[in-house]
Structures are given as structure tokens and as C-alpha cells.
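I have placed the structure first, in the form of C-alpha cells, so that the comments after it can refer back to it.
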Amino acid sequence: MAGIWFFGIGLAAGCGLIVYAVASVKPPERAVATGRPGADLPVPSGAPGCVATAKLIPSCGAWWGMAPDVFGGRPPSQAIAFAEQRMGRRADIVHVYHRGWEPFPTPEELHLAKKRLLLINWKPSIRRTWAEIAAGAIDDRIDRVAATIRHRLPRRFFLTIHHEPENDVRERPGSGMTAEDYAAMYRHVVLRLRDQGVRNAVTVMTYMGAPNWAAKPWFERLYPGDDVVDWIGLDPYADHRVNDFAGLVDKRRADQGDWPGFYRWTQQRFPGKPLMIAEWGAFERHDDPAFKVSFFNSVRRQIRGYPQIKALVYFDSPIAPRGDTRFDSSVPAGRAFAELARAPYFSSTPVPDH
């Protein structure tokens, strides 16, 4: 979600996608976080023959992840424990946020990474322009991050760099913040990390993906290149225009008639790359209290129609910038989300231990 920074081929054929029936499960009672993430919770064991590739693509189904309540003031371990206890399973992916000089991964994040995949969302600078970063202005910072990763984090992890760049683009000549400047910045950061010995980062290029931004003439020029991008990311939210999962991942607008929707665009533009829904959420609708239930149920029904989507990472917060995205803001919503979270489709590939 824009503005959030805290401490703290054909893919379907290539991945051996397996279709599962969705089991009905009873959600856990609303829990109080113990501070022990994943304690006494079901651990997805995976289906026979289902594995993760070198780029962390699950060969069956999709990863299930959580961006825990970063607004509530809880440290990450407590926040993810609270979310996991409420949905009744361990998350495959935990989304954490850093910016500038903040050191990462933190000891707490390293603990979480023992049984989960980290999705580290890093905004390298809040003061330097993209052009300045691409020219080497913060290379010492990048090198320090690389050294920390080499020494502390041996396992593979996801890394997204300055996510949702669309609303930061300034197309004025010399602004240092053009779409081309973003692509150059992203490339420089990834290549610098690699030059400094980071070999375990699986890179994600994360878009807002909204039709109004996709219609901009510079939108296509944001992309840094296949050699530095492993996954495509999207951060969609179910606002008043969205009624189901299909509408979430393929948002369209009448005044942007040429835009096919993000998923369709991804299939055309990046047919061989996996897609991560790196943040997603359903806002509360006071005029439709049953909306979250119907929306979560639509994910269960429709996810198999989007085989390029290989990870979903829910953004759980009562005070997100645009509304309440808690998955259990009502008992029926919590039940529907727990059924979704514990569906075999999201438990078929075990998280790798290396």
C-alpha cells in the first residue's frame, strides 16, 4: 500500500499445476497473540511431488502470505503470531518493510525466516532521487545491506525495491524521478547487491497496477529488465469498484478502455514470470456488511483461473490508509478467510528449508 514504510512459455504448463477441492474447515476462535509465531498451528505438509524452484516458484498451488498489522505497534513476531492464530495456520510468506538506513534483516525477522519466506520491501532512500541512486549516491548503504544479508540470511528470500513506483513518477526533464530513472535505480540496486555477493535474493517488481496509472504513456518504461526481475508483483485492494477476486486482479475502468486488466497484461507482457499479489485486502463496507465473506469466497472459487498467480500476501490492518482490511472484522468474515487460508491449494508446496 502506497506510503507504508516501517521498521521493523506459460507458467501453468511449466509448474505442474494441480487442482484441489477446497476443504471446509472450522476457523479458530479469536486469539490473543502469544509472541510465538506458528506455535501449535497446522504446518502445511505439501502434496507429493510439489516443490519450490530455485526462484521460489511453488510447483503446485500458490504460497499463502501475510503482511501483519504494521499500524498496530506490535513487533513483527507478535503481529504475525496474532494473524496466524486467527486464521489457523502458519504463513508461508511474511511481508516486512524497511527504508533508507534501517538495518535488515533484523534478528526478529531472521527468527521468522526459519520457517517462512521473508518478503523484504526496501525503499533504499527517501531523500535521494532515483537518478541519484542509479548514479551511485547510496552505494555504501547498498554494500552494508549486502554484507548483512551475506552474514545473517543464508536462506532464499523475496526482495522488492521501492514498491508501487507509479505515484512517485515525475516526468519533468531533470526531475530524477522519471520512469526510466526508476528502471535504472532498480537495476543498479540489484546488480550492486549481486556484485557484493548476494545470491539468495529473489527479486520482485511490484506495481500498484491501477488502470489510471497503467494508462500513463510512461507505464511500460518502469520495467527494469528480465535479468533483474524474477517475479512480478501487484498490490490491489477491493474498493467500491471491486466485487470479486477476478475484478481485483484484472481491474478495468470505462475511461481506460485499452487497459486489459493487470493479470491479462502480465500474461501478455511477462508470460513466463510468476505473479505475486504482494499486498491485497478487502475494505469494510458499512452498507454491505457481508462483502468480505462473499469476496473471500470468490477467491476460493476463482483462484484456479489465474495459474500465473503463485503467491497471495494479505494486508491485515484495522487502520490501513484507506480503510479496515482486517480479515476477521466480523465472525463470518473470519470464518470465510480461515477456510480460504487453509485450503489445500495454498498448502500444496512446502516452504523450502534452504
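Glycine too: its Cβ is placed from the backbone N, Cα and C atoms.
According to TrEMBL:
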type     : residues : note
ACT_SITE : GLU164   : active site, proton donor
ACT_SITE : GLU279   : active site, nucleophile
DOMAIN   : 45-350   : domain 'GH26'
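The residue listed as 'active site, proton donor' is 11 Å away from GLU279 (active site, nucleophile) when you measure Cα to Cα. The residue listed as 'active site, nucleophile': 28 other CB atoms within 10 A of its CB, across all protein chains.
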